[in-house]
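Undergrad: Sharing a structure, written as structure tokens. Questions coming.
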Amino acid sequence: MLLKELVSSAKISWCPSPNRDRLSLLALGGCGLSPCLSVGLIDITNSGKDIENIGTSPLSSRCTSIAWGSYNSEEGALGLICTGMEDGNMGLFRPVLSTYDGREGGREVVLERLCEATIHPSAVGCLEFNRTDHHLLASGGNDGKVYVVDLSDGITGSLNYFEPGKENKHGDYDVTSLKWNPKVPHIMASSSSNGNTAIWDLKMKKSAISFRDPAQRSRPSTLAWVPNQPTQIVVGYDDDRNPSLQLWDLRNVSYPFKEAVSAHQKGVMSIEFSPIDPNLLLPRSSPSSTPSSGASRTSGPRSSPGSLQLRPTMTRSASIPSPPTPARRPIYRPGTASPVE
């Protein structure tokens, strides 16, 4: 069932901070000719399908990544939004919720621009706030660099940042994804188009582990830590010939622990676990991809016995399409052949 939709070319991120009215808010970083940062209100009590825009601020360049963290969630404030842009700039905004026009139930989000700084020489490909240490923000660029921004001393005109390790595991290749470990906050994973996935230990200040697909697929496009297993991570590949998901166990990275062929007909672009049910995994593929029906077959010799068997179904969550026509997104239940009801 479609609840809400918005036609926009944008990077998106959900508001993680609870607010007094329990509003569902969505940040959208524009990728068009006149880029701007906007905040949409998802009001499911309203029968209309449109997502209401309740806050806007212009951007200096097209948005290439966005993250919304819980840093410094003061009274009325909704954390911190960071936009990564095509020109290498990173913008920090404090969204503040207020009423407007004196109308009952009227809401507005004021986007206070705090800082804009350049860390990467080219586009910022991915961003993520640490969910435990809210002052830490990770960024990955098209220059192959991974940085951690430390906001513990406050936000000024410049940003205090460091590399998680001295050795560059990604060369000059695009960093395609990075994720903080939800259970171990000083551990972070990053992947790049040279095929490497690196696990960084901030306490040791180095890469603890790195691995790559034994079949030499060279573009891991997305990562997701298994919520209840801090040593396991899912890697998705942007490979139209063989769109698949791999489950790796960091205690033995010679081969993926499990592998499943995606129901999509094109490469996997992003994956997310459900924050409510850790057995549900939602992948997204390239536009115009249609998921196949029936149970997926596990792949050949790269998989271990008892490999992940996935079964597609349609989600009931809100759809946020962007031109061209968006891909349909099936929900998978890892470890079972039973369909999700």
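A Cβ is built for glycine as well, from the same backbone N, Cα and C atoms used for every other residue.
Features from TrEMBL:
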REPEAT    175-210  repeat 'WD'
REGION    280-341  region 'Disordered'
COMPBIAS  283-307  compositional bias 'Low complexity'
COMPBIAS  310-320  compositional bias 'Polar residues'
Undergrad: For the repeat 'WD' (175-210), what does DSSP give as the number of helix, strand and coil residues?
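TA: Computed counts for the repeat 'WD' (175-210) are 0 helix, 22 strand, 14 coil.
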Undergrad: Restricting attention to the repeat 'WD' (175-210), give the mean pLDDT.
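TA: Taking every residue in the repeat 'WD' (175-210) and averaging pLDDT yields 96.
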